[in-house]
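Trainee: Can you keep this structure in mind? I'll have questions shortly.
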Amino acid sequence: MAKFRVRVSTGEACGAGTWDKVSVSIVGTHGESPLVPLDHLGKEFSAGAEEDFEVTLPQDVGTVLMLRIHKAPPEAPLPLLSFPPDAWYCRWFELEWLPGAALRFPCYQWLEGAGELVLREGAAKVSWQDHHRTLQDQRQKELESRKDMYSWKTYIEGWPHCLDHETVKDLDLNIKYSAMKNAKFFFKAQSAFTELKFKGLLDRTGLWRSLREMKRMFNFHNTPAAEYVFAHWQEDAFFASQFLNGLNPVLIRRCRRLPENFPVTDEMVAPVLGPGTSLQAELEKGSLFLVDHGILSGVQTNVINGKPQFSAAPMTLLYQSPGSGPLLPIAIQLKQTPGPDNPIFLPSDDKWDWLLAKTWVRNAEFSIHEALTHLLHAHLIPEVFALATLRQLPHCHPLFKLLIPHTRYTLHINTLARELLIAPGKVVDKSTGLGIGGFSDLIKRNMEQLSYSVLCLPEDIRARDVGDLPGYYYRDDGMQIWSAIRSFVSEIVDIYYPSDASVRDDQELQAWVGEIFSEGFLSQESSGMPSLLDTQEALVQYVTMVIFTCSAKHAAVSASQFDSCVWMPNLPPSMQLPPPTSKGQASPEGFIATLPAVNATCDVIIALWLLSKEPGDRRPLGHYPDEHFTEEVPRRSIAAFQRKLIQISSGIRKRNQSLALPYTYLDPPLIENSVSI
């Protein structure tokens, strides 16, 4: 006879409790016990409850290895009646055989319908640490089950592969939005559509009548940052600052030599550079910077409301003023091939010529940001990380425990995006200048150029040579967060991987990395993405990159969308007239005629409003309410990580007090753990 106290914790979410009957068997080194019902008077397993059950086994099972949880509908009172099984969210089981001697079995999963679930004791273990055959078999069966549940598909040829489900209705509860988050998301969407339809804007296919009329749209849920954009969008210094701290802060690079297809001369830029210097001198000093949107050259464009749309592939040269002066644009060329029909626009040109040129650059920023920086780098690639984690790492694996909070809701939001945003005829196709055809072109082109170093912030900053560019808060805050994540990851890796050989010998880890390489990066060796990891250092770098991409990188390029775009002339999603081929032709009327139609503007701004702010049920970076790690040592590392994030946040908020436009997108409490919106 063996006696145990079993404590069960049910989640607090809406619908987490169950009327179903739950039984447990205990698996040990000497065998497995019969199923024992967890039952007492009254209802068990209510939402938020922790309940104790006394369990007596007929025989000793030896050292406890795992629990087998069985759930089934209650018996019907009449033979012809039956109860449909309902879902149950279990947080954990705890098994105590002596006072103070207890084992915790983390679950943090929904159990849908009738069936069973196996829970391991909470200590994290890599595969080579499991010596008992029962535990080895359990790891293998768990992964086989998850591979059946979560499979890959090709959505568009040349894109990273994705989850093979058509709609969010097909998803199981473990990867689906909570009921609260889902309700808030769709209420927010419906209220936005209703407001703009009431204003008579949502169905108008014509041009805006004036910038003044656009102000009606601007009042749509604007923010302090959006107010600043509205007040300063025409200013050169603000235009330049958006390359540093706007929604796409990843393109600007130092220019040591002018591209041959960008023939800027000393005479062109002398009014900005001033006397006593030259282009060559400033190139050598390192005070010139380049933003090149050349990947847009020749990209497929869209037709909106029956009208063809247009795109440019601009190059922008910027000058960092000496001392504490601002970064300023000094030359813009709208196409990649120089010639008489491709003038270089300058700040000294007519006001409307220069403003129109800058607006073409901002349209290019929209296209590259939405297709590449946001969709590809901050959604499709994190989906690969999430899906490979579910398929290749069992729950007891330390990397699963570390990474699973950073995959929360990613598969839901990406499936929803394929339903409502990037599917043919949906928002991207209806209302952006490139449409899904142009987005697809860009993603395929970028996949051929994408490198591992671009995903690793320190290497990316070095490659672009922007480590000392003043006022680059994305870099400053991002590097602090990267360092904090890396320190945390390094501590976790040191706990479970004592040597380089232990990394090489972890076959589950190698399968995880290999699947990311093949399914996400399409086995392109030119990307520099590892297909295996053979050192502790390589593992730390790789996992840091995964967590940073899924949290901070996504926050930086997602949360800023609405602020940048609600005043549409600052970030037009499409352009209805071709880029100018000469100077002196621009006018206020021509400027308005170039901007997107009213309905296209509304569609995009609603989408960006939804995608910029989390609709409740948030989990900020470093917030881990699901306690997958049960050992004291990794829990101390988590606490240290959380303290570091608080320190970083304090510094950011202190700095922001002195800024006219605070940079808040990488303030840790505002960063979500995962790509969930």
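For all residues, glycine too, the Cβ spot is worked out from N, Cα and C.
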Trainee: Of the candidates Ile252, Ile652, Ile677, which does Swiss-Prot annotate as part of the Fe cation site that also includes His374, His379, His554?
Mentor: Ile677
Trainee: Is His40 (Ca(2+) 2 binding site) helix, strand or coil when read with DSSP?
Mentor: coil
Trainee: Can you tell which of Asp39, Glu44, Asp86 has the least company, meaning the fewest other C-beta atoms within 10 angstroms of its C-beta, among these binding-site residues?
Mentor: Asp39
Trainee: Look at the binding-site residues Gly15, Gly17, Gly42 and tell me which residue has the greatest number of other C-beta atoms within 10 angstroms of its C-beta.
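Mentor: Result for the most crowded candidate: Gly17.
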Trainee: Can you work out the mean pLDDT of the predicted model over the domain 'Lipoxygenase' (126-677)?
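Mentor: When the pLDDT values over the domain 'Lipoxygenase' (126-677) are averaged, the result is 97.
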Trainee: What is the Cβ neighbour count of His379 (Fe cation binding site) at a 10 Å cut-off, with all protein chains included?
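Mentor: By my count, 22.
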Trainee: Taking His40, His374, His554 as the binding-site residues to compare, which has the smallest set of other Cβ atoms within 10 Å?
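Mentor: Least crowded of the binding-site residues His40, His374, His554, by Cβ count within 10 Å, is His40.
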Trainee: Starting from the Ca(2+) 2 site formed by Asp39, His40, Gly42, Glu44, give every other residue of that chain whose CB sits within 8 Å of the mean position of their CB atoms, in sequence order.
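Mentor: Same chain, not in Asp39, His40, Gly42, Glu44, Cβ within 8 Å: Leu38, Leu41, Lys43, Glu51, Phe53.
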